[in-house]
Ligand SMILES: CC(=O)SCCNC(=O)CCNC(=O)[C@H](O)C(C)(C)COP(=O)(O)OP(=O)(O)OC[C@H]1O[C@@H](n2cnc3c(N)ncnc32)[C@H](O)[C@@H]1OP(=O)(O)O
Ligand SMILES: CC(C)C(=O)C(=O)O
Ligand SMILES: [Mg+2]
């Protein structure tokens, strides 16, 4: 058996998914779950890209102890300095330094000659290796790069101190056989790779990300990169859970071992789906709702006689229980605590009490509280810094004009009451909220889903809003769709205010430095 390092980039490449914008506390929550999932390295963000990401990476670095925490940097000293400041408190800090090596990226994007790219890469790796114990270097767009140029630049960055070399399929262009050949070519032609790990990082533009990653693993790479649920730029990254389950189920073929706790898969996937607002398609491998569902008679008959007739993955392997305990109005703290433990939720006493109260309130209106409901309630209560909170809501619906009246608790604890009209109920509510905060806010996207089937399901609303040049997302959960809509809009406004405060702090710091 060969050991493979798992590099998770849900919090960096995954967050680059269009429409995803995680709050710092949400990134920390995902990071702690990734640690329980047992990834070897988590890429927590891109510290130089914003003050918010810098702070999130810094907090993750301080709190995650059982795996390496990495940050991304372009080949510039200021990006490396920002990454070092954010990561220096980590138990195992790693810099992920990248520069593009394909002709099209070098000429049009970087406007550098190949010689200049080599020189920049070498200078930056050397500079980074004086600070970081591990420097991972990536040749962006490696699969559209000249292989002999890759051989040359890899030899030089390894001499300068790179300990991991990642060859990403940045635009999802390669095929399994070609990607495997590229790694073989690099192994055979770069003379100084002893002690250096090669890494695969695939995108899914042609739907080949997982197949390409597995081909690279068969070709001998020591590290694989991906994201939970395959989220990421454009069509996304390789779905890390699919790679891990394929390696486990086909151990006979791959002969690979990882540290991953596969029983944490379902929970990690749900957490990422809920916090990013990117729902997992029902038919998605490993974590889709239908992944273990049998619908047709012949299949059901087979599964009843022997599950292995149609099930190659046991649900328990990825943390799904086949039996279930019903939680509802008559459940007490013990049963609820057991459920939280079963879901592997790590809660302080205060968080547990808050969650238990939300659960009890929900049982007033919902007969059976599901795992998804509990997770939704937990995430709803995870952002403690609420500036505006919904107090009450009345909506009077009319065919061409609807009136909404709201009470919102503001930053100073006062309840602001306002009313407005709109063409529909949600528009009327959003018009009132705009009045409450006295700022025009443009709604770009609105999505709604239910946590479960049935009439008493919770509604989860995701919104994307623009305010000046900022685009933020918000999430709201409630038994009623209109209250969930109001909460999502207020959540987005709260995030704008938090970002504004962070920017003000950054301005003060920069002014102080000048
Ligand atoms: C393949 C990947 O996933 S790469 C990671 C992509 N992730 C992101 O871009 C998310 C975060 N990005 C951001 O917030 C912003 O793009 C920032 C803060 C990093 C930079 O913002 P800006 O300074 O406004 O630059 P902008 O994004 O418009 O352009 C990127 C610049 O970086 C340069 N650049 C790109 N990659 C690299 C690199 N690896 N090394 C050095 N410079 C690079 C580009 O050539 C361009 O430089 P130019 O301004 O001299 O033309
Ligand atoms: C930053 C690099 C590694 C990347 O995400 C890519 O090339 O896809
Ligand atoms: Mg990528």
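Glycine too: its Cβ is placed from the backbone N, Cα and C atoms.
Residues 201, 203, 237 are recorded by TrEMBL as Mn(2+) binders, and the candidate that the same record lists for that site, out of 8, 13, 40, is 13. Sitting within 8 Å of the Cβ centre of 13, 201, 203, 237, and not among those site residues for Mn(2+), are the Cβ atoms of 9, 168, 169, 170, 202, 209, 225, 226, 227, 232, 233, 236, 238.
Of all the binding-site residues listed (201, 203), 203 has the fewest other CB atoms within 10 A of its CB. All protein chains shown were included, and the count of other CB atoms within 10 Å of the CB of residue 237 (Mn(2+) binding site) stands at 33. Per-residue pLDDT, averaged across the region 'Regulatory domain' (389-514), gives 86.
Using DSSP to sort the residues of the region 'Regulatory domain' (389-514) gives these counts of helix, strand and coil: 46 helix, 51 strand, 29 coil. Residues from the binding-site residues list (13, 201, 237) with a C-beta closer than 6 Å to any atom of ligand 2: 13, 201. For residue 13 (Mn(2+) binding site), the same-chain residues lying six or more positions away in sequence with a CB closer than 8 A to its CB are 43, 225, 227, 232, 233, 237.
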